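Asks: First, the structure itself, so that you have it in front of you.
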Amino acid sequence: MASSSSSRILLLLMLFLTASASDDAMRDDERAPKSESCNNPFQLVKVENWADGEKGLTHSGMTARFGSSLPEKAENSVRTPAILSNPSDCCSPLTSKLFESVALCIRGGCDFQVKATFAQAGGATGVLIINNEDDLAEMVCSNSTVANVSIPVVMITKSAGEALNASLASGKRVEVLLYAPPRPLVDFSVAFLWLVAVGTLVCASLWSDLTTPEKSGERYNELFPKESRNAAAARGGYDKEVLKINSKAAVVFVIAASTFLVLLFFFMSAWFMWVLIVLFCISGVQGMHTCITSLTLRKWQNCGQKTVNVPLFGEVSIFSLLVFLFCVAFAVFWASTRHESYSWIGQDILGVCLMITVLQLAQLPNIKVATVLLSSAFAYDIFWVFISPLIFHESVMIAVARGDKAGGEAIPMLLKFPRLFDAWGGYDMIGFGDIIFPGLLVSFAHRFDRDNKKGALNGYFLWMVIGYGIGLVFTYLGLYLMDGNGQPALLYLVPCTLGVIIVLGLIRGELKSLWDYGTDSSLSTEPSYSEV
């Protein structure tokens, strides 16, 4: 039940990989040619369909830069027959009768504008262009052509097109209804994520205070030596289990994380994703087990009095064993149902317990190391989200977080919450790394305040928590201003935490103390990262 140092370091590397991101399908290619007649924003479209009056699955689509707009509500749209065009690519005058119908055209052969122009000339009231893969591409204008298209033009995925074509091929009358419901500016899920992220950070910082036994726990430690190490680490009371990070290790850590991220980007696959899921489950079980046992044994230490001999583990607490089996069952249930609509609950529970435990296992000794680590993380986040597309033609971090090369299976190192008031559904998310790395600094601020007997207002912990909360607000504000495209959360969180503690230290004349805190060897005997 105890974890090794190498597995903890691997876990920290994995936590570093995720950025705060949403899974919107909306994209906007500003490099594409635009004109007065070709300047529409891309809109997500719902494509409802019926075959001989029987309603089918609702498909998703995306509008083009050109053409007319669609109504926002289904009741303001009209059910229209859908007809497969002839020729099927719509690249020449159409011979099929399209009057008051929506034309189905396959992608390829000519420009999107040409397809729409021929469909419009044939009497179509709209065009559905079937993509050649299960994705939605941006339909833009050619360089010098004026788009004289006055009907809506929508792209649908290959699988959606095949479903419509199958109904038409069987002789059924197919009707479609197109509308483009807008996304809400703010969804309740953002407020929930804000509360969970800030709450996790506060709980992790105060964990040693929350789990310190009310009475002596020597009897428990004597009976369960294997358990006591993890429980002690969760309470922050045993130095041997704490990893002290130094400046050199912080830089090496960021370099290693970048290397790991690139490997994931190039070699991500379904089996690799399963490796990450298994690692997440193992780490989540350890974190959940530690949290439950620590909180329970604080109040009821007698729960750990009865023991049993377990192969490979020796004598362990029956209570600890039962909690461990419960945590394993919980993780297995989550892994087997991770595609269900409710799976985010299990993922968030495992993730919160994992992050609380990690923040007990790793500590920053002073602001000097914090500056090196968070500044490196700041550059890391910006490079792999914003600059990497210039080299790899897409954002490496967002591609890895979404699982683009693993069949859309997203990596589980994320907290997420469903968009309850969004017609398009989906999730808002925040990466574990966006809580862990600022959390290391916030935890240091709490230890510094406690050791120096500082109050809430003249200390640093409260202001770190407030700064982190404000940084998250800025993160999600940036997310919405960027139309849901992924944001490097540390771009906002680092200035709002590291910047705040440095400014406060300067104002109070305590920056030198914060900078060199813990350098006296008499103050700490924990091994550093470089010694692990």
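Glycine is no exception: its Cβ is also placed from the backbone N, Cα and C atoms.
Remember, TrEMBL labels are computer predictions, not curated facts.
This is the feature table in TrEMBL:
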- 97-164: domain 'PA' (DOMAIN)
- 1-21: signal peptide (SIGNAL)
- 188-207: transmembrane segment (TRANSMEM)
- 249-268: transmembrane segment (TRANSMEM)
- 274-297: transmembrane segment (TRANSMEM)
- 318-336: transmembrane segment (TRANSMEM)
- 342-362: transmembrane segment (TRANSMEM)
- 369-392: transmembrane segment (TRANSMEM)
- 424-445: transmembrane segment (TRANSMEM)
- 457-477: transmembrane segment (TRANSMEM)
- 489-507: transmembrane segment (TRANSMEM)
Asks: Grab the same-chain neighbours of the transmembrane segment (424-445) for me: Cβ-Cβ under 8 Å, and only residues 6 or more beyond its ends, written as numbers and ranges.
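Replies: Answer is 12, 15-25, 44, 60, 181, 183, 187, 189-190, 193, 197, 200-202, 204-205, 245, 344, 351, 354-355, 358-359, 362-367, 370, 373-374, 377, 401, 413-418, 459-461, 463-465, 468, 471-472, 475-476, 489-490, 493-494, 497-498, 501.
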Asks: If you count Cβ pairs under 8 Å, which stretch among 249-268, 318-336, 342-362 touches the transmembrane segment (369-392) the most?
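Replies: Answer, by Cβ pair count: 249-268.
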Asks: Which bits of the chain, at least 6 residues beyond where the transmembrane segment (489-507) starts or stops, bring a Cβ under 8 A of a Cβ in it?
Replies: 19-20, 367, 370-371, 374-375, 377-378, 380-382, 430-431, 433-434, 437-438, 441-442, 445, 460, 463-464, 467-468, 470-472, 474-475, 478, 513-515
Asks: Within the same chain, where does the transmembrane segment (457-477) have neighbours whose Cβ lies under 8 angstroms from its own Cβ atoms, ignoring anything closer than 6 residues to its ends? I mean 6 or more beyond.
Replies: 20, 190, 193-194, 197-198, 201-202, 205, 428, 430, 434, 438, 441-442, 445-446, 448-449, 487, 489, 491-497, 499-501, 504-505, 508, 514
Asks: Is it possible to list how many residues within the domain 'PA' (97-164) are helical, extended or coil according to DSSP?
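Replies: DSSP composition of the domain 'PA' (97-164): 17 helix, 14 strand, 37 coil.
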